[in-house]
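Q: This is the feature table in Swiss-Prot:
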ACT_SITE  H86  active site, electrophile
ACT_SITE  E151  active site, proton acceptor
BINDING   N6, L7, K8, G157, S187  substrate binding site
Amino acid sequence: MIFAANLKCNHTRASFKIYAKILNKTMGVKCDDIIVFPPSIAFLENENNFIQGAQNFYPCVNGAFTGELGKEHLDEFGIKCVLIGHSERRALGDEEFIKAKFDFAKEHGYKIVFCIGENLDTKNSGKTLEFLKKQLEIIDLNYEKLIIAYEPIYSIGTGVSAQSTDIAKVLEFLASLTKVPLLYGGSVNENNIKEILSVNHCGGVLIGSAALKVENFIKLIKG
C-alpha cells in the first residue's frame, strides 16, 4: 500500500525537519511506498526513509520564470517525485500546464502522482467516469512511474469522504484503463481509512489534513 501525505501550505523547514526525523525513526529503513509532499521552502537535503516529493514545479530546467521551481532546484534536494493535477492547482490556472508538466516529468524519469477528480455537479449529473477519462487523455497511462490519485473535489478539505461504493466504481473503471497504482484522496482519516483501503483496486491513499501531524500520519500508516 502507498501512503502519500500532501502537506500543502503547512510546515516550515524547521517543523518539517522534526516531522521527517520522527518519520525516519519510525520507518527504520527506506520505504518507497511512503511519500511526503512538503512545501518547497521546507525541502530537506538529507537522506530520508521516505520519498520526498514536490507539490508543484515548472516544466523547465531553469530560466526566466519568476517565482517558479525548475528541475535544477528539485535536483539540489534529490527530488524525483512530483504531484501533478491537484484540484487546488487546477483552480489557480494550472490546467494549461498539466500536459507540459507530465511530459517534462516523464522525460526526466520522475515518479508522478497524477490527481484527477470531479466536482459535485458532475457527480450528480452522472458524468463522473466520462469526466475522469477526459482528464486522463492527455497523459501516458502506460508510464511505468505513474501513480493515479482519485480525489473527488467535493471531498477535499470538507471532512466528508466519498462513499466506498462510489470509490469502488471509479477505481474499477480506472483499473480498466491502466495497470498503474490507484490511490484515493479526499478527507481520508483514521475513521475511514480502513474501509477505503479495503476497496477493490485501491493501492493506497493520498492524505491531506490528517497527515499534518506526523504522529497522525504514522498512525494511519500503521493502521
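In case you wondered, yes, glycine gets a Cβ from its N, Cα and C as well.
Given the structure is predicted, the values throughout are model-derived calculations rather than measurements.
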Q: Do me a favour and check the Cα-Cα span between K8 (substrate binding site) and H86 (active site, electrophile); whole Å is fine.
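A: If we compare the Cα positions of K8 (substrate binding site) and H86 (active site, electrophile), the gap is 11 Å.
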Q: Would you mind ranking the recorded positions K8, H86 by how many other Cβ atoms sit within 10 Å of each Cβ and giving me the lowest?
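A: So among K8, H86, the recorded positions given, the one with the fewest Cβ atoms within 10 Å is K8.
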Q: Compute the mean position of the Cβ atoms of N6, L7, K8, G157, S187, which form the recorded substrate site, and then list in sequence order the other residues of that chain whose Cβ is within 8 Å of it.
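A: In sequence order, the nearby non-listed residues are I156, I207, G208, S209, A211, L212.
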Q: Return only the integer: C-alpha distance in Å from S187 (substrate binding site) to E151 (active site, proton acceptor).
A: 9
Q: Can you name the residues of this chain that are 6 or more positions from N6 (substrate binding site) yet have a C-beta less than 8 Å from its C-beta?
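A: Listed in sequence order: F37, Q55, L83, H86, G185, L206, I207, G208, A211.
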Q: Roughly how many Å separate the Cα of G157 (substrate binding site) from that of E151 (active site, proton acceptor), to the nearest whole number?
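A: Answer for this pair: 11 Å between alpha carbons.
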Q: State the Cα to Cα distance, in Å, between L7 (substrate binding site) and the residue listed as 'active site, proton acceptor', rounded to an integer.
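A: That comes out at 15 Å between the alpha carbons.
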Q: For substrate, with binders N6, L7, K8, G157, S187, what's the maximum Cα separation in whole Å?
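A: For the residues that bind substrate, the greatest Cα distance is 14 Å.
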